[in-house]
């Protein structure tokens, strides 16, 4: 079955989101939102599918959210064209390979605009040397067919990486090419086109910045590195080791010399800034030397916790990207006591769903 997207209703669903966002934000008196559209199809750069076995056949499936019925997928127009191409070739390549298809229950795909793809095969069985040899042959066959592919095998407490567990993305952002290492099983922005819109919007509205930037939850440095051009220095925190390593690589790959990444949670950083705790990880970093006039936050769906919210309020400017406008509005009840919204944007990161991504820039009231 080929799932068709309701592209004819794209404008209507986007209009409804804009209306919903305006209503939610009305109590905070924001300016009119800037609206950034998604491509109509093939916009999602990563996808996960369950694998269904039926006698000698196997295929990708998804489950209908309402009926819970399984849907057989040959193509998936939500995902990038590269993922769609790989879906067909991969299943055809492993269908007759017993070692590769036996107890395979899920396939994860991560693709880039730079035409690279990482495929993770997940199993309910132990993986050994026999699997590795078959997987190496599969990878070479896929590369022979023109795919720039990395292949990973996963099972309980097992991860087999044939070459690398990452691929490098190259995004055109505000007139320059930005290199971003993307690590398997780590967070990356799913909609590359909308991610570019978010980065360029953030660059544009912080062009007049003074002093330094602090970013909490920086991931692989997606925003930190793009925004570095607008600030004297950038200090960024991240808790996940693979993301920190990717961010350090990205700093070097992009020739950026004013970004410092530290591995700690937002809560730990708050304690360090308040002098409540000392951390060995901060040796050689003088937090007091940073003059952070702007703080950037892109928190999880739960929003900012109370302690971090209090810390964030101390900064003259707050750039807040939210994947959940409800928790954003809850946080704004506190933040708008001391700040006003100077910019608002809606990013249609997840078209044809109720999910909205939005951004606000808040500036301290005089």
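Including glycine, each Cβ sits where the backbone N, Cα and C put it.
Taken from Swiss-Prot, the feature active site, nucleophile applies to 323, supported by sequence analysis. Residue density at residue 323 (active site, nucleophile): 18 other Cβ atoms are found within 10 A of its Cβ, drawing on all protein chains shown. When secondary structure is read from DSSP and collapsed to three states, residue 323 (active site, nucleophile) falls in the coil class.
Sequence annotations record features per position, and here Swiss-Prot assigns active site, proton acceptor to 357. The number of other CB atoms found within 10 A of the CB of residue 357 (active site, proton acceptor), across every protein chain shown, is 24. Under the DSSP three-state reduction, residue 357 (active site, proton acceptor) is assigned to strand.
Residue 189 (S-adenosyl-L-methionine binding site) is surrounded by 25 other CB atoms, counting those within 10 A of its CB over all protein chains shown. According to its DSSP assignment, residue 189 (S-adenosyl-L-methionine binding site) is coil. According to Swiss-Prot, the S-adenosyl-L-methionine binding site annotation covers 189, 217, 222, 238, 298.
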Neighbourhood of the S-adenosyl-L-methionine site (189, 217, 222, 238, 298): other residues with Cβ within 8 Å of the Cβ centroid, in order?
187, 215, 218, 219, 220, 221, 223
Counting across all protein chains present, how many other Cβ atoms fall within 10 Å of the Cβ of residue 222 (S-adenosyl-L-methionine binding site)?
29
Span of the S-adenosyl-L-methionine site, taken as the largest CA to CA distance across 189, 217, 222, 238, 298 (Å, rounded to a whole number):
16
Which residues of the same chain, at least 6 positions away in sequence, have a Cβ lying under 8 Å from the Cβ of residue 298 (S-adenosyl-L-methionine binding site)?
215, 216, 217, 219, 223, 320, 321, 322
Pick out which of the binding-site residues 217, 238 has the most other Cβ atoms within 10 Å of its own Cβ.
238
Would you mind sorting out which of 189, 222, 238, 357 (the recorded positions) have a C-alpha within 10 A of the one on residue 323 (active site, nucleophile)?
357
Tell me whether residue 222 (S-adenosyl-L-methionine binding site) sits in a helix, a strand or coil according to DSSP.
helix
